[in-house]
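Feature annotations, courtesy of Swiss-Prot:
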BINDING   185-240  ATP binding site
BINDING   Asp311, Glu325  Mg(2+) 1 binding site
BINDING   Glu325, Asn327  Mg(2+) 2 binding site
DOMAIN    149-358  domain 'ATP-grasp'
Amino acid sequence: MTKLRVGLLFGGCSGEHEVSIRSAKVIATALTKVQNKEKYELIPIYIQKNGLWQPSDFSQKVLNSDHPSLLQLTNENNHDLNTSLTQQSSSPLWQIPPQAAQVDVWFPILHGPNGEDGTIQGLLKLMQVPFVGSGVLGSAMGMDKIAMKIAFDHAGLPQVKYQVVTRSQIWSNSCVFPKLCDDIETTLEYPCFVKPANLGSSVGIAKVRSRSELETALDNAASYDRRIIVEAGVEAKELECAVLGNDMPKASIVGEITYNSDFYDYETKYTEGKADLHIPARVSEAIATKIKEMATQAFLAVDAAGLARVDFFYVEKTGEILINEINTMPGFTSSSMYPMLWEASGIPFSELVDTLIQLALERHSK
């Protein structure tokens, strides 16, 4: 049987570069398991933090290394290798390794800007090769918090109160800014969260409890993005549900996250011992069933495909279930919620990876 060549695309320019490498290592291992190694051949392609795509031999070294950042530093100083990749081009960042032409299906385990925002998906679509995950539209909507919320509103999914802010409202007119802050205080009250609309890794996000903190947070967020979203804070359980499929997606059991930090930021997410995962979530069957239903609705609302993790708030005092966000390319590390939820739902990791590849092939064939 001819093996399918899987291009594992990892690394990238975002703040979640290291998480991507960790996820790629686990996926690469899954592709070598007994049930997969007869079907798939791995072609790893590593994208450095500076955007340079590396050939598969060096990319495999990154996957095998316990200290990939040291390998990257060495390789950035390797003039001969980088020169050979450019093939006399004025911009090495536009060069794709020759092994990419051999790929039958891509698995882009990339996060954040230029990874899960539709840009890499557009490139892969131009290659006319199947790829795991959402397409250009679903990825872009899943990354942009404002577009995402508009889609959720249109689908009738309840959310926390929010207000959209632009950089020009913050920086261009000193008379407008105080009125803007007044409106936020009146509409959302404290505490509230200030977030750049189109960044991952919790970059630029702040929880604010006063006027001075609000002003500082808005100014900081505007330095990252020209569009900002401010959300009302809510005291609630934080629940997550994994979704798998294309046009008829299915939802996993529901998980719950607890932590001691001020909010679920990057450090809390990815530092061992900072957060506790409860699978299944400590909620009633009725609440879990409703969340699973809402998760698939959210998946379809943004035109996602393949996979997504959907996050919720459950306000126990009122019984409200509020959708928070969708992540169209969640982490695949050993401590990531997405694969753990499917494992608990009866789909082991190796089977999950196989299913995602098959879903990519199915979507491409239609």
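Backbone N, Cα and C define each Cβ position, glycine as well.
Quick caveat, the model's predicted, so the values are computed rather than measured.
Mapped onto this structure are the features recorded in Swiss-Prot.
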residue: Cys192; record: ATP binding site; DSSP class: strand
residue: Leu199; record: ATP binding site; DSSP class: coil
residue: Ala206; record: ATP binding site; DSSP class: strand
residue: Glu213; record: ATP binding site; DSSP class: helix
residue: Asn220; record: ATP binding site; DSSP class: helix
residue: Arg227; record: ATP binding site; DSSP class: strand
residue: Val234; record: ATP binding site; DSSP class: coil
residue: Asp311; record: Mg(2+) 1 binding site; DSSP class: strand
residue: Glu325; record: Mg(2+) 1 binding site; DSSP class: strand
Asn327 (Mg(2+) 2 binding site) and Leu199 (ATP binding site), distance between Cα atoms, whole Å: 12
Rounded Cα-Cα span from Asn327 (Mg(2+) 2 binding site) to Arg227 (ATP binding site), Å: 19
Nearest-integer angstrom distance between the alpha carbons (Cα) of Asn327 (Mg(2+) 2 binding site) and Asn220 (ATP binding site): 24
Local confidence of the prediction over the domain 'ATP-grasp' (149-358), expressed as mean pLDDT: 94
Under 8 Å by Cβ from Glu325 (Mg(2+) 1 binding site), counting only residues of that chain that are 6 or more apart: Lys145, Met148, Val310, Asp311
Cβ neighbours within the same chain of Cys192 (ATP binding site) - under 8 Å, at least six residues apart: Ile184, Lys207, Val208, Leu214, Val230, Glu231, Ala232, Gly233
DSSP three-state assignment (helix, strand or coil) for Glu185 (ATP binding site): helix
Close in space, distant in sequence - Asn220 (ATP binding site), Cβ under 8 Å, 6 or more apart: Val194, Gly204, Ala206
Cβ-Cβ distance under 8 Å to Glu185 (ATP binding site), same chain, at least six residues away: Arg211, Leu214
Proximal but sequence-remote residues of the same chain as Val234 (ATP binding site) (Cβ under 8 Å, at least 6 apart): Val160, Phe313, Val315, Leu322
Spatial neighbours of Glu213 (ATP binding site) that are distant in sequence (at least 6 apart) but have CB under 8 A: Ala206
